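In TrEMBL this protein carries:
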| type | residues | note |
| --- | --- | --- |
| DOMAIN | 278-379 | domain 'FAD-binding FR-type' |
| TRANSMEM | 7-26 | transmembrane segment |
| TRANSMEM | 98-116 | transmembrane segment |
| TRANSMEM | 161-185 | transmembrane segment |
| TRANSMEM | 197-221 | transmembrane segment |
Amino acid sequence: HGNWHRGAGLCSWLGINVFLFTYYFLFFDQDERYFYTRAILGSALAWARASAKCLNFNSMLILLPVCRNLLSFLRGTCSCCRRTLRKQLDHNLTFHKLVAYALALFTAVHTIAHLFNLERYNDSQQATDGSLAAILSKMHLNNNKWLNPIHSNQTVSTVEYVAFTTIPGLTGVIITLALILMVTSSTEFIRRNYFEVFWYTHHLFFIYFVGLVIHGIAGLVRGQTEDSMEEVHPRHCAEYLVEKHEECRHVCCKNPEFSSIPAEVGQQRDGVGAVGAPAPFSTPLVGVIMHPAKVLELQMQKKGFRMEVGQYIFVNCPAISLLEWHPFTLTSAPEEDFFSIHIRAAGDWTERIIDTFQQQKPEMPRIEVDGPFGTASEDVFQYEVAMLVGAGIGVTPFASILKSIWYKFQQADQTLKTKKIYFYWLCRDTGAFAWFNDLLASLEQKMAESGKADFLTYRLFLTGWDTSIANNAALHHDTATDTVTGLRHKTIYGRPMWNAEFSAVATAHPRSVVGVFLCGPGALAKDLQRSCQQHSSLDPRKVKFYFNKENF
């Protein structure tokens, strides 16, 4: 659903890029102010300037999709918009990557074009054939009205000389290296296995933008001045430069004068970083709980902290690293008097923080918090029917949702729009179920006491099991509670048959709008998205499935 919104946004972005490139390519390829510049550089001038304009445009956009406070603000202001429009905010990282790829492409075009430019500048300066390019290159070498930035034919290794001794050359090398490091370190493999590399290299964006701002200051590439155009217009006077005699008295005998072209790369500055971002803050810990399967729960003081279900925060522990910040979904409900996160050992940083708190030192490490920030799960109570799918630690956003539901039942909240929740949790080992069992058990009991035992249907799937677990389950098949979890609903061994699950939900709610929420891997997301499309009716009066995925 909402594919046409996505398509329209993508086409708009592509259209603007195509328009900018085409417009400025034709402009620099045909405008008479750059007639003499083209005499030296040829079409490489247009390629360099058109790609520079597109670089500016995409550099202006690149930070917008990752401005977390801006996205949270837009989620709040769009709460009354159609859900298909709000859902486009969930594709922020995809758009961020597209813009990054565009930056890489236009950087390559811009760099290659300027390499050609430098060679042509050098060739025209070395030339002694009396051509227009050679004559233009030797004009105004003693003042600031020159056209060719290479003033001496003794310059050795022109490309290296300009790249490392001029402001445009040096900043160009720096920004290109920064961009290469940021793009290569953001691959899936690096992010999953060496998150610190990704995190630190992405902070080169500051160097990138500073370099971008000052890149075009020197103005090495020049065009004819307006005053000179009025006196010696190239349309009438270009031929006189080649055939000019010493006693020339014609109006065209005066040499044209040149000045810098306004910089394309670096002339626009955006204020993306100034989107009302609250400063990170230090918060006292009120509870530290070590759950099975090496899952650490941190409970923090809620004073002055406001949250909604499904939101996440960035966490820093200065005792481990001053610069590293990691995202964690809030597992507490807005109704509770503290806010909490659950941390599973999944890398160097998480293992270190778990080990630090397991040591039980007299003074607990300080925790810094930035957030909270909005996600797709905030919309869960906007649906009459919700399907919540968590994989492993991906259950955390749904802990907040289920706890909030428990409090709403406690308070007999009449504004709750949701009438039915289906909860699916996929785990590889039995230990992962342990820390969530208490919440599910209390929910079971509360729903039964409230006469709404059918409000929550949950299905737990154990995807990694051995013969002993299977034999034990078969032996106790007739018991009232599950042998793995102790809950009334029995654990299912294997993976869900999503077609069957969606068909059952569609049959039970033939005229409902169903929100499908996932916090889990990409492969599972594709399966669920496909099932949403297959089981949604084309009839607007019948069942519709809307897919929502957590993105960090």
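Just so it is clear, glycine is given a Cβ too, placed from its N, Cα and C backbone atoms.
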Sequence-remote partners of the transmembrane segment (161-185) [C-beta within less than 8 Å, at least six residues beyond its ends]: 100-101, 103-104, 107, 111, 114, 118, 149-150, 155, 197-198, 201-202, 204-205, 207-208, 211-212, 214-218, 220
The domain 'FAD-binding FR-type' (278-379) - residue tally per DSSP class, helix then strand then coil: 15 helix, 41 strand, 46 coil
Outside the transmembrane segment (7-26), six or more residues from its ends: residues with CB under 8 Å to it: 46-47, 49-51, 53-54, 57-58, 61, 88, 95, 98-99, 102, 264
Distal contacts, the transmembrane segment (98-116) - CB-CB under 8 A, six or more residues away: 10, 13, 17, 41-42, 44-45, 47-48, 51-52, 54-55, 58-59, 61-62, 65, 159, 172, 175-176, 179, 182-183, 186, 265
Segment confidence, the domain 'FAD-binding FR-type' (278-379), expressed as mean pLDDT: 83
